[in-house]
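Colleague: Under the heading Zn(2+) binding site, Swiss-Prot lists His111, His148, His152, Glu211, citing sequence analysis as support.
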Amino acid sequence: MIKWPWKVQESAHQTALPWQEALSIPLLTCLTEQEQSKLVTLAERFLQQKRLVPLQGFELDSLRSCRIALLFCLPVLELGLEWLDGFHEVLIYPAPFVVDDEWEDDIGLVHNQRIVQSGQSWQQGPIVLNWLDIQDSFDASGFNLIIHEVAHKLDTRNGDRASGVPFIPLREVAGWEHDLHAAMNNIQEEIELVGENAASIDAYAASDPAECFAVLSEYFFSAPELFAPRFPSLWQRFCQFYQQDPLQRLHHANDTDSFSATNVH
């Protein structure tokens, strides 16, 4: 029998957090009871260690907080919560937000412009999100804002900037870079053939290695059936890094559902 961590001594808490309801999103339904229990344990610690800061009138209730924490902890389910130790706050806008962006062109001229962002991740600062895109991250669709920004945090543990290569053994770096760049080239070829809107993988993945790692991390957890057959070698590297196999998890869940359906009387 599974002992759910949020059910232990609930009477001791003034308000028990709604973990069971928080788990009832499509992205998390494939997890086993043991995995869900472990995920909740991590998420509870996450909420104790991190500060969720609602901005611009956004209302943050306990269910929303729990779901945000669960999504943050899914990528580190087997790595451990210490992999998320590079920040202390999560800033949450109600919708995509406008920021001032400064960049330098090829001849050294500095440009300033205002751009709309869904999220941001600073190496030694907070993660910035928006609720509209967080909600869109609940489905198993290939899009997940929180996992994307977490991937950037995991990426920067390997150095001063995001490079697309997370903290892995040095002997594996060359192979990782080879497979990641091959995936970027493949995605770019598809974009040139069918256009960005018709591409089967988010075109942002072709922009640079750091974004490729972040985007494919989204697909790894929320659309493994698209990632695994297309980039099998890179898929295995992701499985080894995250110490999870979401495709195997999905197949097991589907097999269980099929077995249950055939035994209904």
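Every residue, even glycine, has its Cβ placed from backbone N, Cα and C.
Could you tell me the structural context for the features on the list?
Modeller: The C-beta environment of His148 (Zn(2+) binding site), restricted to residues of the same chain at least 6 apart in sequence and closer than 8 Å, consists of Gly119, Ala214, Val215, Ser217, Glu218.
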Colleague: What does DSSP say about Glu211 (Zn(2+) binding site): helix, strand or coil?
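Modeller: DSSP assigns Glu211 (Zn(2+) binding site) to helix.
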Colleague: What is the number of other Cβ atoms found within 10 Å of the Cβ of His152 (Zn(2+) binding site)?
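Modeller: Excluding its own Cβ, the number within 10 Å is 21.
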